[in-house]
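These notes are about the structure you will find just below.
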Amino acid sequence: MKAIIVHPPGAGVSIEDVNINGNGPGIKILENGICGTDREIVNGELSAATSLNGFLVLGHEALGILEEDTKNLRKGDLVMPINRRGCGRCLNCMLGRPDFCETGEQLEAGISGMHGFMREYINDDERYLVKVPDVIRDIAIMAQPLADLEKSIEEMISIQKRLHWPCIDGTYNCRKVLITGTGTIGILFAMLLKTYGFSVYISNKREPNDIESKIFDELSVKYKNLSNKIDESFDAIIEASGSGTDVIERTLPLLKNNGFYGIFGFEKTGTLNLTSEFLQGIVYKSINITGLINGQKPHMEMAMNHLIQWKKQFPKTTSMMITEKVSINNERRLKEVLSKKRPGEIKIKIIW
């Protein structure tokens, strides 16, 4: 079958015929999503990526159609595979939560230990499949990254139970959250935080482009240019830009006492200057800093439900989510979009 192949730790990408055997029901892949992790692997920038027998099938975002009945699913169902699998040894993995793997030996589809989903067919166990409602067929590919954010917000709220965090009226309306980064992840974080009732701010080191302005207007989120001085403080900050450690150094002091700082993704450049004064500020203000990564099956189901809700609540934004569709037969364009993000991009899909 045809597949998109990489050879980590080296750079480069190609479309090749491969023979990969698998267990479980067959799934015909209809489309894949492209994210920053895929591009880091293609460009040889992700040290965690590993080859299997000399190559690796790329991709951890996929939508497919089930080709046979299972215990709980039926032939013809739209399904999405979970991208992280357990090590099989630690307690969390054995209890279905490999997002908290204790050995660090979890498998990541299209990244390490497991071939990815950018291929014509896969076979997979039913327990790793999530049924996709037909009503969100056009934007369902967003559920995989959104699942990671569902888990992230769940984690933030759980951690902040260390104090009384809800407002006097029982909502989160009085809690201000700043998101750094206006890409796919930043926008999805903004939508999710608005759904939870937070007062949401989103930021970048520039002014918003036209598409971003339309989205932020519909979401009723406020915009901050990080190149300018920011005189406000926030109850939580989510770093979703992955641009450099200077963003963390710039925004961490903006947290209020008892604040939460979540880091999603990987900073590409820089060194964080942890002076004694910097660390004292974290201690005296009782700041919590948490790395945010990977949602599991319950979070993907939550993501599906939120996408259904948002098609009604935020119709303009959801209609702009898919920036481009690229056919697997257009190899030249495929290599371009797998290597570099285009300006104004939210999500690009590969169509099989």
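For all residues, glycine too, the Cβ spot is worked out from N, Cα and C.
Counting Cβ atoms from all protein chains shown, HIS60 (Zn(2+) 1 binding site) has 24 others lying within 10 Å of its own Cβ. The feature Zn(2+) 1 binding site is assigned by Swiss-Prot to CYS35, HIS60, GLU61, GLN144.
What Swiss-Prot lists as substrate binding site is THR37, ASN83, GLU108, GLN144, ASP148, ASN294. ASN83 (substrate binding site) falls outside any helix or strand according to DSSP and counts as coil.
Sequence annotations record features per position, and here Swiss-Prot assigns Zn(2+) 2 binding site to CYS87, CYS90, CYS93, CYS101. Other Cβ atoms within 10 Å of the Cβ of CYS90 (Zn(2+) 2 binding site), summed over all protein chains shown, number 18. In the three-state DSSP reading, CYS90 (Zn(2+) 2 binding site) counts as coil.
Here Swiss-Prot flags THR182, GLY183, THR184, ILE185, ASN204, LYS205, ARG206, PHE264, GLY265, PHE266, LEU292, ILE293, ASN294, LYS341 as NADP(+) binding site, drawing on sequence analysis. The Cβ of THR182 (NADP(+) binding site) has 24 neighbouring Cβ atoms from other residues within 10 Å, across all protein chains displayed.
In terms of C-alpha distance, the listed binding-site residues HIS60, CYS87, THR182 place HIS60 closest to GLU108 (substrate binding site). Other residues of the chain with a Cβ within 8 Å of the Cβ centroid of CYS87, CYS90, CYS93, CYS101, the Zn(2+) 2 site, are GLY86, GLY88, ARG89, LEU91, ASN92, MET94, PRO98, PHE100, GLU102, THR103, GLU105, GLN106. Candidate binding-site residues: CYS93, THR182, ASN204, ASN294. Nearest to GLN144 (Zn(2+) 1 binding site) by Cα distance: ASN294.
CYS93 (Zn(2+) 2 binding site) sits 41 Å from ARG206 (NADP(+) binding site), taking the Cα positions as reference. Sitting within 8 Å of the Cβ centre of CYS35, HIS60, GLU61, GLN144, and not among those site residues for Zn(2+) 1, are the Cβ atoms of ASN32, GLY33, THR37, ASP38, GLY59, ALA62, ASN83, GLY110, ILE141, PRO145.
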